[in-house]
Amino acid sequence: ASARAATAAACALTRGDGDASAAAAARLHPTMLPVPTLRHLHVPHYHQLHVARSMAGAAGDPPGKDDEEKFLTYKQLDAKIADWRAEREAEAASSAAHDADAGAAPAPPAASVPTSTETSVLRVLSVFTQLFPLWCVLVAVAGFYCPPLFTWFDTSMTTNGLMFIMLGMGITLTLDEIKRVFSKQPQLLLLGMVLQYTVLPCIGYLIAHNWGLSNGLAIGVALVSCMPGGTASNIMAYIAKCDMGLSLMMTTASTLAAIVVTPLLTLNLVGTLVAVDAKAMFMSVLQLVLAPVLIGATVNTYAPQLVLRVKAYMPFAATLMCVLIIGSMVASNAAVVAAAGLQIISAVTVLHACGFSLGYFVSKGLGLSDRIARTNSIEVGMQSSALAGVLARLHFSDPTVVAPCVCSAVVMCTLGSMLSGYWSLTVKDER
């Protein structure tokens with residue numbers, strides 16, 4: 001009976017069945033170790049196996065006084081737990097000291113638990129952020145029919161607002177994560193960036209030269225097609241159940257690559273229509289994109305406690321800033337948009353519709369999964385119209401160049417929200 005009870009206790013313990021092992025151990029001997037303490041105190045598996053082997057090893061004879069040393073008693077278990085915890089604490093202290101000596105960035109602090117009020121506020125702000133396409137349409141209409149609502153948000157504020165958006169992207173990253181962007185899933189990332197910087201620029205070039213647009217509007221269309229992915233694409237990718245990791249990587253990588261690629265593409269596409277100072281545009285992109293992203297990532301790497309609570313609010317702040325930029329661009333160019341009318345709206349609609357379609361069908365033609373194809377579709381079809389508008393204001397004297405950037409933001413978000421909403425309703429969740 002003692003052998004059977006010991007074997008049952010050992011088997012139940014290795015299965016992780018605390019109740020069964022406790023009952024078996026109680027039948028074995030009332031003074032021996034109650035097994036549930038192992039589960040509740042989170043003792044490593046090798047201690048559990050030691051107890052199980054001890055029980056099984058003593059199963060041949062009823063436990064007598066000489067055999068009690070084969071079992072873990074309360075006192076022995078407490079000693080082992082204390083030793084294990086001391087080992088873990090010593091290892092953690094040694095690792096921290098080694099990182100400090102090597103000059104490594106400190107580990108991020110544990111996030112404090114938000115209060116119920118803060119949780120409710122963050123939930124409301126999250127809903128606001130996900131309704132970004134709706135706000136784009138509403139502020140565009142408001143800015144068009146009532147320009148004074150947004151004309152106070154001038155060019156300097158628009159520039160600073162865009163830098164703030166890029167800073168917000170930066171504080172969600174660390175320097176190591178930026179390095180890993182180009183090493184994680186490199187084939188998919190490379191394909192996505194190639195599609196992003198070839199499909200839309202080619203379509204933009206064809207529209208600019210064949211749509212019968214005025215010179216300023218043609219420049220604006222070509223400029224929009226040369227932009228990197230915008231943060232709005234990540235919102236749409238989330239709604240459309242895309243590969244969020246790949247979406248974020250493509251946005252980050254295309255934003256960093258824009259420092260060189262955007263001026264070069266603009267020089268080759270727009271340079272056929274008007275003289276372009278590629279060096280000045282390079283410096284603008286460097287200031288507007290790279291500097292804020294690197295500053296934010298550096299702060300998040302070496303002083304994470306400074307941005308720990310701020311990061312949760314950055315998507316809302318970036319969305320609000322982007323909405324203000326769009327409203328400002330519409331309000332300051334309401335007359336130009338009204339004059340261009342259907343012609344410019346149809347041009348940017350075709351531009352983004354082709355981007356969404358080709359991004360999806362080219363990916364499917366290459367044998368990629370539907371999830372990756374949806375991700376590429378969103379990333380190729382949605383560009384940073386806000387960056388295009390700021391560059392248009394800074395580098396082109398013709399005010400009509402901004403009009404396609406304004407219309408692009410509204411049309412892009414409308415098409416993107418419709419497409420992502422359709423996929424959200426029709427596509428099953430994919431692991």
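A Cβ is built for glycine as well, from the same backbone N, Cα and C atoms used for every other residue.
Sequence annotations record features per position, and here TrEMBL assigns compositional bias 'Low complexity' to 92-105.
Positions annotated as region 'Disordered' by TrEMBL: 92-113.
Summarising the annotation, TrEMBL assigns transmembrane segment to 124-145 (among others).
Per TrEMBL, the feature transmembrane segment maps to 157-176 (among others). For the transmembrane segment (157-176), same-chain residues at least 6 beyond its ends with a Cβ under 8 Å from one of its own Cβ atoms are 105, 231, 251-252, 255, 287-289, 291-301, 307, 310-311, 314-315, 317-318, 321-322, 324-325, 328-329, 386-387, 389-390, 393-394.
Only residues 6 or more beyond the boundaries of the transmembrane segment (188-211), in the same chain, are considered here, and those with a CB under 8 A from a CB of the stretch are 181-182, 218-219, 221-222, 224-226, 228-229, 246, 249-250, 253-254, 257, 261, 265, 269, 272-273, 343, 347, 350-351, 354-355, 358-359, 362-363, 366, 368, 372, 375-376, 379-381, 383. The transmembrane segment annotation in TrEMBL covers 188-211 (among others).
Using a Cβ-Cβ cut-off under 8 Å and counting only residues 6 or more beyond its ends in the same chain, the transmembrane segment (217-240) has close neighbours at 129-130, 132-133, 165, 169, 196, 200-201, 203-205, 207-209, 211, 247-248, 250-251, 254-255, 257-258, 261-262, 265-266, 269-270, 273-274, 289, 318-319, 322, 340, 343-344, 347-348, 351, 374-375, 378-379, 382-388, 391-392, 396, 398, 400-405, 408, 412-413, 416-417, 419-421, 423-424, 427. Annotation comment: TrEMBL describes 217-240 (among others) as transmembrane segment.
Residues or ranges marked as transmembrane segment in TrEMBL: 252-274 (among others). The list of residues near the transmembrane segment (252-274) in space but at least 6 beyond its ends in sequence, with Cβ under 8 angstroms from a Cβ of it, reads 166, 169, 173, 178, 181-182, 189, 193, 196-197, 201, 204-205, 208-209, 215, 218-219, 222-223, 225-229, 281-282, 285-286, 289-290, 293, 379, 384, 387, 391, 396.
The transmembrane segment annotation in TrEMBL covers 280-300 (among others).
Remote same-chain partners of the transmembrane segment (312-331), defined as residues 6 or more beyond its termini with a Cβ less than 8 Å from a stretch Cβ, comprise 114, 122, 125-126, 128-129, 132, 135-136, 139-140, 142-144, 146-151, 153-154, 157-158, 161-162, 164-165, 168-169, 171-172, 230-232, 235, 337, 385-386, 389-390, 402, 405-406, 409-410. Feature annotation from TrEMBL assigns transmembrane segment to 312-331 (among others).
As annotated by TrEMBL, transmembrane segment applies to 337-362 (among others). For the transmembrane segment (337-362), the list of distant contacts is 144, 195, 199-200, 203-204, 207, 211-213, 217, 220-221, 224-225, 330, 373-374, 376-383, 400, 403-404, 406-408, 411-412, 415-416, 419: same-chain residues at least six beyond its ends, Cβ to Cβ under 8 Å.
According to TrEMBL, the transmembrane segment annotation covers 401-425 (among others). Non-local neighbours of the transmembrane segment (401-425) in the same chain are 132-134, 136-137, 140, 216-217, 219-221, 223-224, 232-233, 236-237, 239-241, 326, 329-330, 332-333, 336-337, 340, 344-345, 347-349, 351-353, 356, 374, 377-378, 381-383, 385-386, 388-389, 392-393; each lies 6+ residues outside the stretch with a CB under 8 Å from one of its CB atoms.
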